[in-house]
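Student: Grabbed the feature section from TrEMBL, which reads as follows:
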TRANSMEM  26-47  transmembrane segment
TRANSMEM  53-72  transmembrane segment
TRANSMEM  93-117  transmembrane segment
TRANSMEM  129-146  transmembrane segment
TRANSMEM  158-176  transmembrane segment
TRANSMEM  229-250  transmembrane segment
TRANSMEM  271-295  transmembrane segment
TRANSMEM  311-333  transmembrane segment
TRANSMEM  354-374  transmembrane segment
TRANSMEM  386-405  transmembrane segment
TRANSMEM  506-528  transmembrane segment
TRANSMEM  540-561  transmembrane segment
Amino acid sequence: MEQAAGCPALGGSYPQKNAEILSSQYGINLFLAGLLLTFAWAVHAVGISKSHLLSYLITLMLIQLLWMLWYLCRSCTQRRLIRDKDTHAGARWLKCGITLFAVITLILDSFKIGYYIDFLNCLSPTEGIFPVTHAVHTILQVYFLWCHAKDVIQSFKTLERFGVIHSVFTNLLLWTNGVLTESKHQLNEHKERLITLGFGNITIVLDDQSPQCNCTTTTLCSIFSQGIYYLYPFNIEYHILASTMLYVLWKNIGRKVEHHQQNKTPFKFHGITVGMIFGLMVLTSTIAIVVVYLIQIGGSKIKSELALTMFYLHAIFVLALMCTAGIVALLIYRLEERSLDNSKNPARKLDAELLVGTAAGSWLLSWGSILAIICAQGHPKYTWYNLPYSMLVIIEKYIQNLFIIESIHREQEKVNDDIKTLRIVTISRGSTLSLTPLYKEIYNGRAARDSGDVPCLFKGSICGRENDGAGVAKEETSQDNSLVMHSASDLSFYSRNSVTNNKRRILKNIAAFLFLCNLSLWIPPAFGCRPEYDNGLEEIVFGFEPWIIVVNLAMPFSIFYRMHSAASLFEVNCKT
């Protein structure tokens, strides 16, 4: 009987598991086909042009648009139904972040449309259709994520799996396209800088992608062409954030949600002044370093070497501070006794996997730089600063990953630290008869742990006298003992709270400091300050083309790691 009863449940799970496997394979093949097409365009394969790649991406976006419209219409018709929600997915701050990146992406699309209009005579029509389609896709996708990122889909599950996974890999391909376009632009600038650093033995061949016709408005063309590349970092972050949010939605399809609600944890500036001040100092100095670096690098050999030295010294100082802050936070965790939350949570699991996976990009670059310094025959002075810098990059990510992953897995305190002692004075015949226990004892049903009687509580704090004579005398004589006992318990309660609050304040300041530091370290590589390109030593040891391939593959993951770490640290600050 038990086996027969269990068969339908097992039978029902198999189609859903197959749908999950089939949809994931569909997405992977979709991505691999686009990746191969992107690679063919990058290496100028015969018969493959940019219009072929853009046509493929336009088709994918149109299919996603149709699916999102269908989902939104169906949700609108069923809006009165109560749906399961994943409270851990689609946090408000994450939605605000993706909205900011989406707005800048729309500005990028408008620049591309203007650029196409100026070079209308010699550009393919797909280069005009693509930014228009992308703009519509961006607006609808942000609206979709705002409204439905927390959904746990329980109907049309097979169809929805294919629709969501299609959206995930469409965003990944748009991310890949943005990374490649931006990397080719950075590579051209890097090749020009190598000449000023004296690496004349490296073959310099520029990849010229400019249109083969004159611009109708020279000034506007210059603004559009230069502005596009400064906006690409935000477009890249937008698509990778969208793909992660959609992936969590895909993992939640058909999931049975535990119905204990997560407490809302709003961000507060109170108590994190120290961390914010030091973090803002790092952010300000980093912006100044990036500006000076971009001005000086490539100007002359001396200026380029000074720019690299300045970058390395600043980065070493910031990474050392981050390592110290992370170690202090981990030591505080070792002093606390708090259990970990091991419940099933796709969003949290994905956060941890992304932290470790994307950190591998910068670890690869760091180990390449360390190996180059060890094996190189000649060492310009500035290259020696690269050794401690690369080692600190590896160590800092080890420490920070451990801190973030432990933080997001720690259970939140169930008792509010702001609980105050509540006393109700009962009066009879004008004299105080007794003091009631602490509020938390009343709440837990232990109000009469000494006498076994339930105290009589009224709004006027007056209790009718039930005892007389010897009973009253007995209560009066026991009053002093009760007062001493409650005072001792209050003292220990508040001392524990004081220590806990101090630890929380330190952890919140550390999280705020690391949050701003990660934003600071995201800025240099995102906006063209990349010593891995400009150092020159790695190109000599590994060869120009192999090292450039390594950098172009690893750098996007390194850039994403900093933004994802900043987002995770923001969540840690809210939860602490």
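Note that Cβ sites are derived from N, Cα and C of the backbone, with glycine treated the same way.
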Student: Any residues 6+ beyond the ends of the transmembrane segment (506-528) with a Cβ under 8 Å from its own?
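Tutor: 186, 189, 230, 233, 271-276, 278-280, 282-283, 286-287, 289-290, 293-294, 311, 315, 318, 321-322, 325-326, 328-329, 332, 400, 403, 407, 555, 558-559, 562-563, 565-566, 569-570, 572-573, 576.
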Student: Determine which residues of the chain contact the transmembrane segment (540-561) at the Cβ level, with the cut-off under 8 Å and only residues 6 or more beyond its ends counted.
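Tutor: That would be 175, 179, 183, 187, 199, 202-203, 233, 236-237, 240, 354-355, 357-362, 364-365, 368, 371-372, 375-376, 397, 522, 525-526, 530, 532-533.
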Student: Report, as numbers and ranges, which residues of the same chain sit near the transmembrane segment (311-333): CB under 8 Å and 6 or more residues beyond its ends.
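Tutor: The answer is 278, 282, 285-286, 289, 293, 382, 385-386, 388-389, 392-393, 395-396, 399-400, 402-403, 406, 410, 503, 506-507, 510-511, 513-514, 517, 520-521, 524, 529, 531.
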Student: Under 8 angstroms, Cβ to Cβ: which one of 53-72, 129-146, 158-176, 354-374, 386-405 has the largest number of such pairs with the transmembrane segment (26-47)?
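Tutor: Maximum Cβ contact count belongs to 158-176.
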Student: Let me spell it out: take the transmembrane segment (354-374), skip the flanking residues so only those 6+ beyond its ends count, and list any with a Cβ under 8 Å from a Cβ in it.
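Tutor: Distant contacts of the transmembrane segment (354-374): 244, 383-384, 386-387, 389-391, 393-394, 397, 401, 404-405, 532, 535, 537-538, 540-542, 547, 550-551, 553-558, 560-561, 564-565, 568.
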Student: How about long-range neighbours of the transmembrane segment (53-72): same chain, 6 or more residues beyond its ends, C-beta under 8 Å?
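Tutor: Residues 30, 33-34, 37-38, 41, 124, 126-127, 129-130, 133-134, 136-137, 140-141, 144, 147-148, 160, 163, 166-167, 170, 173-174, 177 contact the transmembrane segment (53-72) from elsewhere in the chain.
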Student: Which residues of the chain, 6 or more past the ends of the transmembrane segment (93-117), have a CB below 8 A from one of its CBs?
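Tutor: For the transmembrane segment (93-117), the nonlocal Cβ contacts are 123, 127-128, 130-132, 134-135, 138-139, 141-142, 145-146, 149, 216, 220-221, 224-225, 227-228, 231-232, 234-235, 237-238, 241-242, 245, 267, 567, 570-571, 574.
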Student: Can you tell me which parts of the same chain pack against the transmembrane segment (129-146), counting only residues 6+ beyond its ends and a CB-CB cutoff under 8 A?
Tutor: 54, 57-58, 61-62, 64-65, 68-69, 71-72, 90, 95, 98-99, 102, 105-106, 109-110, 112-113, 116, 167, 174, 238, 242, 245-246
Student: Against which stretches of its own chain does the transmembrane segment (271-295) lie, if we need a Cβ under 8 Å and a gap of at least six residues from its ends?
Tutor: 307, 310-311, 314, 318, 321, 505, 508-517, 519-521, 523-524, 527-529, 573
